[in-house]
Amino acid sequence: MLPRITITIMSWMLLSCLMLLSQVQGEVAKKDAPSSRSSCPKGSRAYGSYCYALFSVSKNWYDADMACQKRPSGHLVSVLSGAEASFLSSMIKSSGNSGQYVWIGLHDPTLGYEPNRGGWEWSNADVMNYINWETNPSSSSGNHCGTLSRASGFLKWRENYCNLELPYVCKFKA
């Protein structure tokens, strides 16, 4: 059995380590908290813990997604709720964008071979629980990339030919 003084010293050392650990963990937790509007780069807008940026320089879907990946955890935007869709619609309309379509991260890598539109997914691998098609995509159209359409107020999705050059929205960590 250890002497009482050794147990007391070890108890204080353990307590000191635990206190230091809680301070360090608290600092990490603060960094992971949802971002404030000021932490997004100029020209982008915050929503939740992400920054969103509309780029008016047109690119095809693949090049647009690659451009978005240059940002922290960035991809073409995934639209995961009606509230996020409304935020995006407002952002795009207030930008003065004059195009009919804007690229989002939706695509069908199966090229329509998966039945019942089952091949559609987000480029960042987010789960597709929210569905908001303007018109159901056709497996035979050759259009396998997703856009937001002006006709729907930039609220609903429409399939388009992936090589079209369009403006695009990136979603990335603040």
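Every residue, even glycine, has its Cβ placed from backbone N, Cα and C.
Among the features that Swiss-Prot reports, signal peptide is placed at 1-26.
Secondary structure at CYS51 (disulfide bond), taken from DSSP and collapsed to helix, strand or coil, is strand. Taking all protein chains in view, 23 other C-beta atoms sit within 10 angstroms of the C-beta of CYS51 (disulfide bond). Feature annotation from Swiss-Prot assigns disulfide bond to CYS40-CYS51 (among others); the stated evidence is sequence analysis.
What Swiss-Prot records for 47-171 is domain 'C-type lectin'.
DSSP assigns CYS68 (disulfide bond) to a helix in the three-state reduction. For CYS68-CYS170 (among others), the entry in Swiss-Prot reads disulfide bond, with the evidence type sequence analysis.
Looking only at the region 'Sufficient to activate EXTL3' (103-118), the predicted model's pLDDT averages out at 80. Annotation comment: Swiss-Prot describes 103-118 as region 'Sufficient to activate EXTL3', evidence class similarity to another entry.
Reduced to three states, the DSSP call for HIS144 (Zn(2+) binding site) is coil. What Swiss-Prot records for HIS107, GLU121, HIS144 is Zn(2+) binding site, and it gives similarity to another entry as the kind of evidence.
The disulfide bond annotation in Swiss-Prot covers CYS145-CYS162 (among others) and rests on sequence analysis. All chains included, 18 other C-beta atoms sit within 10 angstroms of the C-beta of CYS162 (disulfide bond).
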Cα within 10 Å of CYS51 (disulfide bond) - qualifying recorded positions among HIS107, HIS144, CYS145, CYS170: CYS170
Rounded Cα separation (Å) that holds between CYS162 (disulfide bond) and CYS40 (disulfide bond): 29
Using Cα positions only, nearest of the recorded positions to CYS40 (disulfide bond) (HIS107, GLU121, CYS145, CYS170): CYS170
Neighbourhood of GLU121 (Zn(2+) binding site), C-beta criterion under 8 angstroms, separation at least six: LEU106, HIS107, ASP108, PRO109, MET128
